[in-house]
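Pulled from Swiss-Prot:
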{"type": "BINDING", "residues": "133, 199, 207, 242", "note": "2-oxoglutarate binding site"}
{"type": "BINDING", "residues": "189, 191, 277", "note": "Fe cation binding site"}
{"type": "BINDING", "residues": "235, 241, 307, 309", "note": "Zn(2+) binding site"}
{"type": "COMPBIAS", "residues": "435-453", "note": "compositional bias 'Gly residues'"}
{"type": "DOMAIN", "residues": "15-57", "note": "domain 'JmjN'"}
{"type": "DOMAIN", "residues": "143-309", "note": "domain 'JmjC'"}
{"type": "REGION", "residues": "432-473", "note": "region 'Disordered'"}
């Protein structure tokens, strides 16, 4: 195993790049543990370049008709390297249409000499011409034959959320696709519940990432409260809204340590718990992302604070994680007497016997159901899609997070779309022996936020003087369902334009 490092910006922790062999690439959990043993988590972000013989997908020439149900125009305001961002919903379009739009004269990447030159152009371009992001599309472009690092079934302990509580949250424990163009941006945030995340750039132009080491996350939060006082007064964890852009120059001027890394096609980026990150796309591209967890994350999950205004709430019960991964702390935790202490530099946590037993039990249950022994084939399948804002919890798992934390985590918020079921249809649809397609409708206007009980409250803001709806980023769709019916390896289609165009409410 070998790795290289990026050049740090005012920090002693560097972004490491790893080059696993095919043998090392076979076990996702083991390799993540190795990365942390090398200190990769201390920077908050790491790059993994897969072996040359590995492929996520053989060809990408068959995705032109995938539907982007709710493209989002990203409008920024501000000056001096400090900006806020909001989204305006645009009409649905196919990926082929989006590609042509991204490469048009109006939206194409400007001429530049190198990545550093393009980065300067990016920050100088704000507010400027607002780009359109094809974000938060439920689905996966990984082929079923891809066994290693397939984002649809990584096989981490985040599977406990679905297997023990029957909870599915799109974009958290199911993959999301992101079609980007020049200047499309993800603002400063940490992941929902301070989870890990993994992002694979399938094809296209690069993506630039900024990251603040987890041990300096509170420093960034303090600076953000000073730079955005009006927003911060309305919410204790307003960075969860994913609206704040802060340039590298401003970070340097205020002594905030950070790193920068460019991701190119065919590369993975892994974010670590409580690692604030932001970035932008260099041009037309397609990325896929999902959250995951390791035993080291449990204490972060216990302490993850939540959005206090209700704009962006994604939370779930920590009960199965503490009970199975930290059985020695379970009774204290139930009585709120377990004082978790997060150690940002601790590389890994020993696995409990209960967790080992759980892993063995999953293998036995899959075998009994006649399932293929993939690392994470755990799809729950009610007979009908679950509508946004409604829930069914068969096991009675609570969803209240234990309160009390000095940390202000931020959510990886998403814009709720009309309910187009892509790879999440693997979770939502029964296996019928043929490919399935799901249909449904969201509540529109960015409504249907997930909350601690799975209820959608709905929230929308409208910019004065415009006819198009503007939306604040909403949380990912939360789906609770039975845990008995399982998918049997049949891969449903991503949403196609002909399937859903007539059902859209725009």
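Cβ coordinates are placed from backbone N, Cα and C, and glycine is handled just like the others.
Taking the features listed in Swiss-Prot, we show where each one sits on the structure.
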residue	record	Cβ contacts under 8 Å, 6 or more apart
133	2-oxoglutarate binding site	71, 72, 73, 74, 87, 178, 179, 180, 181, 184, 185
199	2-oxoglutarate binding site	207, 263, 268, 269, 270, 271, 287, 288, 289
235	Zn(2+) binding site	241, 307, 308, 309, 311
277	Fe cation binding site	44, 45, 186, 188, 189, 190, 209, 210, 211, 212, 271
Local backbone state of residue 242 (2-oxoglutarate binding site), from DSSP in three classes = coil
Request  = Summarise the domain 'JmjN' (15-57) by DSSP state, stating how many residues are helix, strand and coil.
outcome  = 16 helix, 7 strand, 20 coil
Note = Whole-Å Cα distance, residue 191 (Fe cation binding site) to residue 242 (2-oxoglutarate binding site), is 10
Key: Site of maximum Cβ density within 10 Å, from binding-site residues 307, 309   = 307
Inquiry  = Limited to the domain 'JmjN' (15-57), I'd like the whole-number average of pLDDT.
reply    = 97
Request  = Taking the Cβ of residue 241 (Zn(2+) binding site) as the centre, count every other Cβ atom within 10 Å, in any protein chain shown.
outcome  = 25
Request  = Could you check what DSSP calls residue 277 (Fe cation binding site) once collapsed to helix, strand or coil?
outcome  = strand
